[in-house]
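Asks: There's a structure below that I have some questions on.
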């Protein structure tokens, strides 16, 4: 079993308490609350971390597409942030606050097509080629023919799209490239178990608070502060249906997330409702079940990742060599050194890129340890003289 497969399986188990200093100052204090206090799972607005939000219009053959971006900073290079599959630009919120306080830079966090609040004509086309073109088009729409110096930073799927964008020369002012916890070898190995992983997730949630609580307790996001803003971009309110058949996939996929002391009464009520529906036509039962589901579970995932399977191979196959061939300074941040494949191991020994391992993190490294990721990126920017330090920040990773 590959390292990424292990992390996916472990991610379905309750996360271990973070070690002191292992997940940034945000994570440690919030995850170790006393037994007498209840953690706050309420959602937090993007405006707590970003300075502004903008919908960027991009013209194409079929009309106009609108891409949501969140921005901070007014000077220095642009850090263009690309999220992972199923996530959104809001996954970069806490990292944005951390990096802005360390170096002089501008942040542009982008909702990729099919994700977050971005609206496109064909949201089902998630090919690497299409999404890479989207990134180039957004840069052109925002900055015209003279874009500022830009560094692409991507997590997981977003890291793969960043590499495809760079290798296709779609951002003319590109000065650097950073991939976060995505390696071709382990990613390709993990694809075989990805559908099982996705089937293991709840299909719906009673509320945003319930979704945030699940993300933390399941270990998907180990930093409560990030989860409170990030999950808002991952789920949406359930939409209506036009026929009873349309409800079946939702009804059959419900996973109850009730507390233990509620399970008894819940099961009694459930049996009573089932008894009341006996004798009704099956289509009527399905519709009634869905209406009750919509009432009790009004939130679901914004994107059905299982339906994107045909694009997975194209995201990751050949990624290591593409990354190594990009003629710009490169940074690779990993949750574990065992994630390196053969090509990257050789490239790292030859000094073709800088690497930093951040232990005690899950796959969402930039959410679990935003301070440490910010320190690594800031050090990279300063060492290459792409940005100036602020607030007395000094490079903290001499080996990277």
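Each residue's number is its place along the chain shown, starting with 1.
Just so you know, glycine gets a Cβ as well, placed from its N, Cα and C.
Automatic, uncurated: that is what TrEMBL annotation is.
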Asks: Match it up for me: which of 185-208, 209-232, 233-256, 257-280 does TrEMBL list as region 'Disordered'?
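Replies: When 185-208, 209-232, 233-256, 257-280 are checked in TrEMBL, region 'Disordered' belongs to 257-280.
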Asks: Enter the number of other CB atoms within 10 angstroms of the CB of residue 156 (active site).
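Replies: So the number of other Cβ atoms within 10 Å of residue 156 (active site) is 26.
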Asks: To the nearest whole angstrom, what is the C-alpha distance linking residue 363 (active site) and residue 181 (active site)?
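Replies: Answer for this pair: 7 Å between alpha carbons.
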Asks: Between the Cα atoms of residue 156 (active site) and residue 181 (active site), what distance do you get, rounded to the nearest Å?
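Replies: That separation, Cα to Cα, works out to 6 Å.
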